[in-house]
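What follows is a short report on a single structure.
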Amino acid sequence: MENASSVKEFILLGLSENQGVQKICFVMFLFFYVIILAGNLLIVITVISSQCLNAPMYFFLCYLSFVDICYSSVTAPKMIADFLVENKTISFVGCIAQLFGVHFFGCTEIFILTVMAYDRYVAICRPLHYTTLMTRRVCGRMVIGSWVGGFLHSMVQTLLTTQLPFCGPNKIDHYFCDVHPLLQLACTNTYAVGIIVVANSGMIALSCFFILVMSYIVILASLKSQTSEGRYKALSTCGSHITVVILFFGPCTFVYIRPSSNLSEDKSVAVFYTVITPMLNPLIYTLRNGEVKSAMRKLWSRKVGSENGK
């Protein structure tokens, strides 16, 4: 890897080269990142601390929030810091590590969202078998499978990229290191690698999206036989998940299932799945879920009560 590449560091061009825009972006994205950390940490603490949130749905939600924190933390701190400096450099090793992290946590999130759709399918379409099918051991294995799947996908993307020679230029038209921008900088023909990269990402994204769509088609079909009250309850629990899936899968699929031709367009779209969706996830799940809101109120009142009692 070191012998093939004379480039020891890359320069990230970021979202904008305009100084005024960069200052506005610094304040805005710092605010977004604080919300991501606070909102997702609150969900993780609430689910772990609350005894009433022991259903598989909340078990998966806890891990989704944890993955969101990790996923945004791979790109957001570097992007925010770069808004304040003129020399936006990242070492070769740091660039590859960022590439690995983005695909590891991003793919893990895709798998967890797919598992959550299966959980909703079993809960609504096979309620009598729910407790036997979705045991804590099964849920744990599904989460472990999501992490392993994300790791394997990321290893493929990372290893393919590190085998390429980089001899200049070293300017990346993005705010983080990703496969498509790096392929354009490689000083060799990257057509075959590009096809493998797109096939790898596309196969995962499209197969998971197909499972998600089929799950909700079956769920919607089964709701016809239920009462209006049961239908409303089922749709309210599924609504949050569908919203998150659309917000995450839409931009993610747009970037990764096609060969990239416009990096400026890609980096604008990437903001949605690396920053906006992790920020909105806690709001979506708490605003539409009475049990989570109730558990948060109890947790907060218990903390306040213990502070006052001291």
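Just so you know, glycine gets a Cβ as well, placed from its N, Cα and C.
Feature list (source: TrEMBL):
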type	residues	note
DOMAIN	39-285	domain 'G-protein coupled receptors family 1 profile'
TRANSMEM	20-45	transmembrane segment
TRANSMEM	57-76	transmembrane segment
TRANSMEM	96-118	transmembrane segment
TRANSMEM	138-156	transmembrane segment
TRANSMEM	191-223	transmembrane segment
TRANSMEM	235-257	transmembrane segment
TRANSMEM	269-287	transmembrane segment
**Complete:** Tertiary contacts of the transmembrane segment (138-156), defined by C-beta under 8 angstroms and 6+ residue spacing from its ends, are 56, 59-60, 63, 100-101, 103-112, 115, 118-119, 196, 200-201, 204
**Complete:** Same-chain residues at least 6 beyond the ends of the transmembrane segment (235-257) with CB under 8 Å of its CB atoms are 57, 106, 109-110, 113, 116-117, 120, 123-124, 180, 198, 201-202, 205-206, 208-209, 212, 216, 219, 223, 266, 269-270, 272-273, 276-277, 280-281, 284-285, 288-289
**Prompt:** Any residues 6+ beyond the ends of the transmembrane segment (191-223) with a Cβ under 8 Å from its own?
**Reply:** 107, 110-111, 113-114, 117-118, 120-121, 124-125, 149, 153, 156-157, 160-161, 163-164, 179-180, 183, 230-231, 234-235, 238, 242, 245, 249, 252-253, 256-259
**For the domain 'G-protein coupled receptors family 1 profile' (39-285), mean pLDDT (0 to 100)** = 88
